Amino acid sequence: MEEVPHAIEEIKEKMKTVKHKILVLSGKGGVGKSTFSAHLAHGLAEDENTQIALLDIDICGPSIPKIMGLEGEQVHQSGSGWSPVYVEDNLGVMSVGFLLSSPDDAVIWRGPKKNGMIKQFLRDVDWGEVDYLIVDTPPGTSDEHLSVVQYLAAARIDGAVIITTPQEVSLQDVRKEINFCRKVKLPIIGVVENMSGFICPKCKKESQIFPPTTGGAELMCQDLEVPLLGRVPLDPLIGKNCDQGQSFFIDAPDSPATLAYRSIIQRIQEFCDLRQSKEENLINS
């Protein structure tokens, strides 16, 4: 039992160089959570003076190496810990995918081994001075989520961004995710409705591929009193760019999806800045 408090203290010390910590959650798999995490990292890293770290704790389904164009890269050990793999000078990535001999290898681990891996990622990776640590999580509310919340508890998490799609089959699991956040006292930055309609590039008419039969994320957020950060429409180029390991923002700067992403990223930054400002005022008062 002594191991967990000791690890929390070690991680708290390690995280002193990380300014903001954001968890990206979803109740349902396949809603675009890793895609959002990757593009949140890309968007924040466009400011060359901002240092970004992207941590993939989806132990059994690590897709971040593929999405970030880092498949086949290896983690290197240094005197100060594991070195992240860098996409740009100001964007570092860590994933269990870098530790596998092949991207097709299955990770067949029980809870304790997953928890140990997450502890290592948080304690042993040499991130250096970081402005934003983005943690991409697996779907659900299981071991990995409990571990990362517990280990980062003393280091202060800014909050969670929860990803959904418009249909009820996704929303019903997102309600559970919101309930999870409230039970573990994890602040909710807001909800992003992904795959929110499709705008035809030729006629500009919008079609609902996943109809919001129960009011979509907007009505759910009103009912549960959670901010709706925005809606990201479907764009075939997003999937294409993710498969090619490229930023969608570069390929489609004027896409409605890019504009939606940028608005959402701005709101996340404002949330983190406001939270930091409130904490600094409390310390100084």
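Glycine residues also receive a Cβ, built from the backbone N, Cα and C atoms like all the rest.
A TrEMBL annotation is a machine prediction, not a hand-curated record.
Per TrEMBL, the feature ATP binding site maps to Gly27, Lys28, Gly29, Gly30, Val31, Gly32, Lys33, Ser34. The [4Fe-4S] cluster binding site annotation in TrEMBL covers Cys200, Cys203.
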| said: If you count other CB atoms within 10 A of each CB, which of Lys28, Lys33 wins among these binding-site residues? | reply: Lys33
| request: Could you name the residues, excluding Gly27, Lys28, Gly29, Gly30, Val31, Gly32, Lys33, Ser34, of the same chain that surround the ATP site, i.e. Cβ within 8 Å of the Cβ centre of those residues, in sequence order? | output: Ser26, Pro139, Ile163, Thr165, Ser170, Asn194
| request: Across all the protein chains here, work out how many other Cβ atoms are within 10 Å of the Cβ of Val31 (ATP binding site). | output: 24
| Alpha-carbon distance [Cys203 ([4Fe-4S] cluster binding site); Lys28 (ATP binding site)] in Å | 32
| Cα-Cα separation of Gly29 (ATP binding site) and Cys200 ([4Fe-4S] cluster binding site), in Å? | 26
